[in-house]
Amino acid sequence: MFPFQPMYPMQPMPYRNPFAAPRRPWFPRTDPFLAMQVQELTRSMANLTFKQRRGAPPEGPPAKKSKREAPQKQRGGQRKKKKNEGKKKAKTGPPNLKTQNGNKKKTNKKPGKRQRMVMKLESDKTFPIMLEGKINGYACVVGGKLFRPMHVEGKIDNDVLAALKTKKASKYDLEYADVPQNMRADTFKYTHEKPQGYYSWHHGAVQYENGRFTVPRGVGARGDSGRPILDNQGRVVAIVLGGVNEGSRTALSVVMWNEKGVTVKYTPENCEQWSLVTTMCLLANVTFPCAQPPICYDRKPAETLAMLSANVDNPGYDELLKAAVTCPGRKRRSTEELFKEYKLTRPYMARCVRCAVGSCHSPIAIEAVKSDGHDGYVRLQTSSQYGLDPSGNLKSRTMRYNMYGTIEEIPLHQVSLHTSRPCHIVDGHGYFLLARCPAGDSITMEFKKDSVTHSCSVPYEVKFNPVGRELYTHPPEHGAEQACQVYAHDAQNRGAYVEMHLPGSEVDSSLVSLSSGLVSVTPPAGTSALVECECSGTTISKTINKTKQFSQCTKKEQCRAYRLQNDKWVYNSDKLPKAAGATLKGKLHVPFLLADGKCTVPLAPEPMITFGFRSVSLKLHPKYPTYLTTRELADEPHYTHELISEPSVRNFSVTAKGWEFVWGNHPPKRFWAQETAPGNPHGLPHEVIVHYYHRYPMSTITGLSICAAIVAVSIAASTWLLCRSRASCLTPYRLTPNAKMPLCLAVLCCARSARAETTWESLDHLWNNNQQMFWTQLLIPLAALIVVTRLLKCMCCVVPFLVVAGAAGAGAYEHATTMPNQAGISYNTIVNRAGYAPLPISITPTKIKLIPTVNLEYVTCHYKTGMDSPTIKCCGSQECTPTYRPDEQCKVFAGVYPFMWGGAYCFCDTENTQISKAYVMKSEDCLADHAAAYKAHTASVQALLNITVGEHSTVTTVYVNGETPVNFNGVKLTAGPLSTAWTPFDRKIVQYAGEIYNYDFPEYGAGQPGAFGDIQLRTVSSSDLYANTNLVLQRPKAGAIHVPYTQAPSGFEQWKKDKAPSLKFTAPFGCEIYTNPIRAENCAVGSIPLAFDIPDALFTRVSETPTLSAAECTLNECVYSSDFGGIATVKYSASKSGKCAVHVPSGTATLKEASVELAEQGSVTIHFSTANIHPEFRLQICTSFVTCKGDCHPPKDHIVTHPQYHAQTFTAAVSKTAWTWLTSLLGGSAVIIIIGLVLATLVAMYVLTNQKHN
C-alpha cells in the first residue's frame, strides 16, 4: 500500500516462561517429486506475473530514484509530457513494484573505475573517425604523433588533425603524422613496460599474459579499432586494431612498442579488423544492411526463412539472423536471447533403434551424444526441443516434442536420463540437452505421458575424462588448478552451427478417413496437405488446405496424405526425408560448446625420496594410476614414462648435469649429484682406494690391475735375473777342480773378471763398428728429457691457452668474453686497463629464450559426419548430383521401402529409390579441442641478462645474434651468436593443449584414414577442409528411413591416446617448453660470446684505489664440487681503505664476490667454488696478486637441488697423496736409495774380485 517500508520501534525483551515449551510436533517429510512440482508451478506463476506486468504497466508515477543514481536526461517533449501526467496521478496510481522489490536490473550500468579513468584520459587525446555520420574507428595522439589505423576509412572529427598529411606504414596497419606544437603538451605517453596483469581500455579491463592481450568474449567489437590500452599511470601500452573470438575470451590484435621504442605488431590467427564496415545481405537481387532486414520472422515466416537460406554463407549471417528473429519495435528480455533462434524450428519424430520394445518412431530420438570435456558432462542432440512451449514461446525447464504431428510439452523434471545410473539434467536449449551422467556403455532417455512410456537408447560409452597426469574417476574437493576443457553451461554464440532445412513431407494416415463410402482428407487447421491417390487407374496429386472428398477413391489404402509446412525448419537428419525440389537450408548456433576452463585435479601423495651416491630412490604411493616421467638434463635425456598404479619403489641414477622427475600433477623437481664418496683421498692407501672406487670404479679397477701386473712382472723378472746371475757366477768354479770361491763372491754369487771400459773407449768402439747405435745412444738423454717434460705437464695443472688469451685480451678498452649459456649462474670477470683499476663485470642470465620461426601447415581435430536427409523418389529412379563437400559420398539405392510414423511413404514396394549422401565436416568443438601442425625453421635467441659493470646495474633483454647492440649507462653490449645452432624442436612439431610434440605429421592434402591429419584445415575458422576418413555408404534397411555408413575412427582421437610425452618432459639440456609463442627457455647448451664497449667514465684511476703491500692467502675450508664450498681468508696491508675488484684469472675457482671492501690493514673472507681436489690459483685483488692453495675434501651431501656454480673445465683429479703412494709403489726416493746401494755393492764386489785374481 505504501511505496516505502514503515519503521517500527524495537520490541522489548520477551518474557521468560518458567515452564518448558511443548515439543515441536512431527510432520512427515514432503515428497521431493511434489516439491519439484510446486517449485515449477511457482516459477511458472512468477514468469506469467512478470509478463503481465510488462504487458500492462501501471499508470502510476515512475519509481523514485535514489540519490546515488544520476537522473537520465529526458529526450523530446512528449516524454516530458508523460512525466508531468504521471506526477498528477501519483496519488491514485498503484505503487511501482520494481521499487519495492529492489532494482534487479539496471538499464544504465555505472562505468567501473577502469572505464571512468580511461574515459577521462580519452576525452582530449582520442578522436573518432567519422564515416557517413557513424563512428568507424578512432585516432589517438601518442608521444607527439597522431596514430590512426590504416584500415579505418573516414575523416577525423577534428579539423586540425584531419588536415594533417599522414604517412602510411602498411607493415603495422597504421598511418601517422606529427601533431602541431600546441597540441603536443596534451598527448598520451607510451611505454614498453608490460608486466603480466590487467590493463585498462574503454570497455574495462584487459588481461596481458604470455605476450597477448585478451578481453572477455563480447567486450569490444567493430568500431573499436584505434582505441588505446592504458596502464595504471595513464600511459599507452598498445593500440587496438582488431580481435578474434577464442572460446570464452577475445584475443586482440594490437600495435605496441618494444624496449628500443620500435613499433611491434601482434596479430592472432583469424583476426578481423574492427572498423565499423556495414555488411550487406541480398534479398531478391536487392542489397540491404544485414542488421536491418526488410522482413522478420514474426510477420513473414516463410519469406524470412527463404531470406536466411539465400544468405547462409554471407559473413553477416549472424547479424541477419539476430535481426530477423527480433522484429523492429519489439524488445524482449535478455534471457530470451538465448532461445529466440530456435523458434524458427520445430521438433520431429524419428526412428530409434532401441525403444522400450524393439525399434520405433520416437518423439525423443537421440541423434548424437558427445562427452569430450573434462567435467563429466554429456551433450545430447535429440528430436525434441527444450526451453520452448508448443507455440514457440520461452518456457524454461520445459521439453516440447512431436507426437504424431501434434506438438506437446512436458516439464523437464519429468524427463529421465540414465546410463548405468540416473543422470542429472542441467539444462536444455533447442535440440540440445546438457546432463551429468555416471559411467556406462549406453544412454537412455525416457518420459511418461498418459500412462505411456516413451524411451530411446543409443550405445555410447560414457566415462569420466580426467585431465592431467593422474587418472582419477571423480573430481576432487581439493587439489591444484589446471587448464582443461569444459562444456559451457550457457547458449552463447560461440561460432559453431548445426544445419537446418525445410522438412520433407510427412505421411499422416490419420488425416485420411472414409465418409459415406468415399475417401476424405482433412488437413490440420492452418496447414496444408499434399494428397496423392491411385484410384481406378487415375493418379491424383493435389495440395489442399481444407477438408476434401475424392469421389474416385473408396478405400483408405488408395490415398496418401502428406503434411506440408514451409514456415519451420527442422534439423537436417538422416532419419527424415528431404523435401522435394531445392531445399531451403539454414544454420543455427550450437549451445553448450567446449570452452577453456580451470579444473581441480588431485595431487598424489608426495614420494618419499632417499638419496644415495649418484642415485635417487623414490617410494611411491599413488591414490589413482599416476604417471611418473623422468629425464636427464644432458644432451641425451634418456626419458622414462611409466603409469604406476600400485605402491612401488623406483631407483634412478643422477649425474652432475642434473636429473628431473615429474610425479603426477606435482611440479617438476630437479636434482644434481655431487662428487661425494666414502674414504679419504688424502689418507692411507686403503682409504684412497675406497674413495676412488666409489667415484670411478672402472678406472680404479683398471689402475689397480695395471699396478698389480707391474709388481708381479717386476718380482718375476727380479727372481729370474737373480737365478740367472747366480748360475753364471758359480759355473766357472764348478768346472775348476778344487777351486776356492772368494767370500764376497760366495755371498753375492756374481763377479766379473774383465775390466770395464771407459766412456770414451765405448764411444770409440761404437763409432768404429756401429755408428747407428752411436747416434741412438746420443739421442737417449734427449728422449728422456722430452718424456720427463711431458710427464710433468700431465701431472701439473696448466692454464689452457684460451684462458691465457682471454686474460691477456682483458686489458683492452673493448672487452670480449664468453659466458656459459646457463640461466641462474653468474659469470664474473674483470677488465684490466693500463693506468686504471680493474673494472669488475658480473653477468647473470635470468632467462634465455629460443624462439623458432614456425609456419602453420594445418589444423586437425575431431570430424563430424554430416548426412543429408535422404532424397526418396517413389516409383521412379534418380541420379546423384556432383559432390563438392569434403570426403562426400553419394549413392543411389533401388528397391527401398521407406516407412514413417504416419504409414508407408510410397505406394510402390520395390520401384522406389533413395539417394544417400554423407560428407565430413569439422566438429562443433574444433575451436576448443584441436591440434596445430607447424614446420619449424631457424630459431632466434633472446637473453634476459642482469648485468653489473662496476657499480652500475641493469636488467635488459639481448638478442643473441651478434648484431643487435644494447646500450645502458654508456656501455654498449653485443651478444652472440650462440656457439651452437642446436634447437629442441624438430622440423615438424605439433601443438596441442598448450604442449609441444615433435611429430612427423603428413603433409597437407596427404592425410590417411584413422591417422593424424585425416581432416585438415588451414585455420580453425577456414572453410577449406580436406578429409580422408574412408567413408562408405551402406544399403538402408527396409522399412526405415536412414543413411547407414561405415567410417574409420578419428585419427585425432587415436593420436591423443598414442602420443608420447611432450617436449616439456623429454627435451634435452633441461629445456622448458612454452607456447604463445612457441619457445624453449633456459636450455643449458653452448656459450654466448659477449663484446663490451666501455666508456672512460666507468674506469677509476689506479691512484684512487688501494694498493696491497703484503698479502697472504689461507684456505680455511674447502669442499670441492660444491656450491661455494671453499672459504679463503686473505690477510693484507693496504695503502688506504677502499673498494677493490676480486677475480681469479684461471678457471680453477669461481668466486662468489665480485668486489670487497678493504681497510688499511686486516683480513677479508672470500667464498669460492672449485672442482679441483688440490686447488692452486692466483687471486687478483685490485692490481695485486696472491696465491691460494690447499687440499679440498669431498662434499657430504650426495644430491642437491641446485646446479654447481663452478667451471666444469677442471674436474676433480687424482689427489697428490694417491700419486705419492702410486709412485712409491712403482718407484721413488726409496727405490733410488736401494738401487744406489745395489750399485755400490756391485762396484765393491767387482773391485775385490779383480784384486783377488790379480
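The backbone N, Cα and C atoms fix where each Cβ goes, glycine too.
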Quick one: does Swiss-Prot have L766 and I1173 on the same side of the membrane?
yes
Have a look at 64-68, 224-228, 389-393, 664-668 and point to the one annotated motif 'Nuclear localization signal' in Swiss-Prot.
64-68
The sparsest Cβ environment within 10 Å, among the recorded positions S225, N285, N1082, is found at N285
Listed recorded positions are D173, N285, N545, N651, C729, N946; which of them have CA atoms within 10 A of the CA of S225 (active site, charge relay system)?
none
Hey, what's the Cβ neighbour count for D173 (active site, charge relay system) at 10 Å?
20
Rounded Cα-Cα span from N1082 (N-linked glycosylation site) to N946 (N-linked glycosylation site), Å
15
Can you see whether DSSP assigns S225 (active site, charge relay system) to helix, strand or coil?
coil
Tell me which of the recorded positions H151, C729, N1082 ends up closest to N545 (N-linked glycosylation site) in space, Cα to Cα.
H151
Taking every residue in the motif 'Nuclear localization signal' (64-68), what is their average pLDDT?
42
State the count of C-beta atoms found within 10 angstroms of the C-beta of H151 (active site, charge relay system), not counting that atom itself.
18
Among H151, D173, N1082, i.e. the recorded positions, the one with its Cα nearest that of N651 (N-linked glycosylation site) is N1082
Going by DSSP, is D173 (active site, charge relay system) sitting in a helix, a strand, or coil?
coil
Out of N651, C729, which has the highest number of nearby Cβ atoms, where nearby means within 10 Å of its Cβ, if these are the recorded positions?
C729
